[in-house]
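*Asks:* Let me give you the structure first, and then I'll get to my questions.
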């Protein structure tokens, strides 16, 4: 029989030698189990067709073409290389997906722990954030691990029952996560548009929202388990493909309820929030304090001040030439009084209420210190016997202030108790070094706040020059804690500088600092507007980028049966959607400083977090 086979093979193919069945090899596998060994020569006895299908020959012809040699091809190296790269791919995929699952679990656990442990985070608004973290935690614990096994094994090997459980949990948790984003957007929209919403946002209302979210997700996820499946569902599982029901009606229902309708609602709500926030920022910027003193007004005021200084020089020369003022009967010293009035109008609103503040006694310094907030006039104060009186001053409106500035036009240089004239800026500089400044700053605050918050009205500054030569003790000393006295010559010299340079210099520089302040406010408001836009863009952008590709693919696969999507692309889109559960803890907490501080306390302990905060301060 062996001879017959040999003859038949030799007759069938001229290229095959007659001794083909005698191969100098130790052994050869035939039909997976048959070995025949004879005197070191292997003799192969098989069916001819089976033999030829399993043995690969490599033909080699010598240079003369007189003989042909056949060698068996060894694919071991190629097979080993392919298996090695498959192993590397599996390990890399397992590491990446495992890290993604771990980060998702840690992030959502941190959010839940922060809300539970930190009392200041236990408010009604954060209940939605906590429920969102629970949904994302379920995605990380129930859905992503089985999905990772599916990807690494390159097929579903866990049976149809587990496939039903996995797909149902997938739809339930992902739908709940997305619908929580809608609930948070609606909550923020109501907070912005309804002033009384903080009173209406009760725990019962928020828990009702959370219940509706989970109930809707449950309906969408359990529909296939009650018969809404396509006919090829079991066939796909047998082919190791575990997918949600591909019934066209169910896919349209599920994708619309899970993604497309929530997407439109989120985009609409955040767009309205952005528009409202932008309008409020612009309105606040318009109400902010903005001095509109023009350059022409400043120039005319400076010219008038120069004329006034020249008049004072002439008056001083007359005094030095021997002109004297009669002495009062009580012997307290001569008084030279001279009044000149100038008006400067600085408009920062529409209301025309005005008030007069006239420099006065020590006991009323706290009341008059409100004028310190208005730094565009140089207030000269005498040491003693000065009277403060206020009239028509409205603390609530702070609409306008008519400041009467007292300055000296002449001085009796021969008076031993000459007055020391100091400017407002010098008072503030000295007063900050003493304890008494705290009480005066309390008086400053209301006016400064009203100006900063954009109070309306016209500020009319009236500057009568009034000088009274009198005895010892200064209001500046009271402001600075009751210390300090000056000599007559030094006071006279200071008067000329402060009355001329102080008032004129401050007045000439009114426009520039407040223009810079207005520009700085505009930049700040623009920065706040950009930050609000960036926050909303990050929230909506992350949601759209993560889930839009998957739901477009899901709807396309159900509507277009002929369309084929590569397995790698389908897996990428699916895990990109899962990645949204990794981002949610970051997006919805990183912009909240309370959450950031809570995370630091959880990571480093309360003492370390407190030390870090004090170091920053």
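In case you wondered, yes, glycine gets a Cβ from its N, Cα and C as well.
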*Asks:* Look up the topology recorded in Swiss-Prot and say whether residue 119 and residue 186 end up on a common side of the membrane.
*Replies:* yes
*Asks:* For the annotation transmembrane segment in Swiss-Prot, which listed range does it cover: 68-88, 236-256, 257-277?
*Replies:* 257-277
*Asks:* Pick from 18-38, 39-59, 165-185: which stretch is listed in Swiss-Prot under transmembrane segment?
*Replies:* 165-185
*Asks:* When you check the transmembrane segment (165-185) against the transmembrane segment (96-116), do you get at least 3 Cβ pairs under 8 Å, counting only pairs 6 or more apart in sequence?
*Replies:* no
*Asks:* Which residues of the same chain, at least 6 past either end of the topological domain 'Extracellular' (556-570), have a Cβ under 8 Å from a Cβ in it?
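*Replies:* Non-local partners: 246-248, 251-252.
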*Asks:* Which residue counts does DSSP give the topological domain 'Cytoplasmic' (117-128) for helix, strand and coil?
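*Replies:* Summed over the topological domain 'Cytoplasmic' (117-128), the classes give 8 helix, 0 strand, 4 coil.
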*Asks:* Kindly assign residue 163 (disulfide bond) to one of the three DSSP-derived states: helix, strand or coil.
*Replies:* helix
*Asks:* For the topological domain 'Extracellular' (556-570), jot down how many residues DSSP puts in helix, in strand and in coil.
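*Replies:* Result for the topological domain 'Extracellular' (556-570), in helix, strand, coil order: 8 helix, 0 strand, 7 coil.
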*Asks:* Please report the number of other Cβ atoms within 10 Å of the Cβ of residue 163 (disulfide bond).
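*Replies:* There are 22 of them.
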*Asks:* Who sits close to residue 242 (disulfide bond): which same-chain residues at least 6 apart have their Cβ under 8 Å from its Cβ?
*Replies:* 150, 156, 158, 163, 166, 167, 236
*Asks:* Should anything in the same chain at least six residues away from the topological domain 'Cytoplasmic' (186-205) have a Cβ under 8 Å from its Cβ atoms, list it; otherwise answer none.
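*Replies:* Same-chain contacts beyond the flanks: 124-125, 127-128, 265, 269, 272-273, 276-277.
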*Asks:* Determine the mean pLDDT over the topological domain 'Extracellular' (150-164), rounding to the nearest whole number.
*Replies:* 89
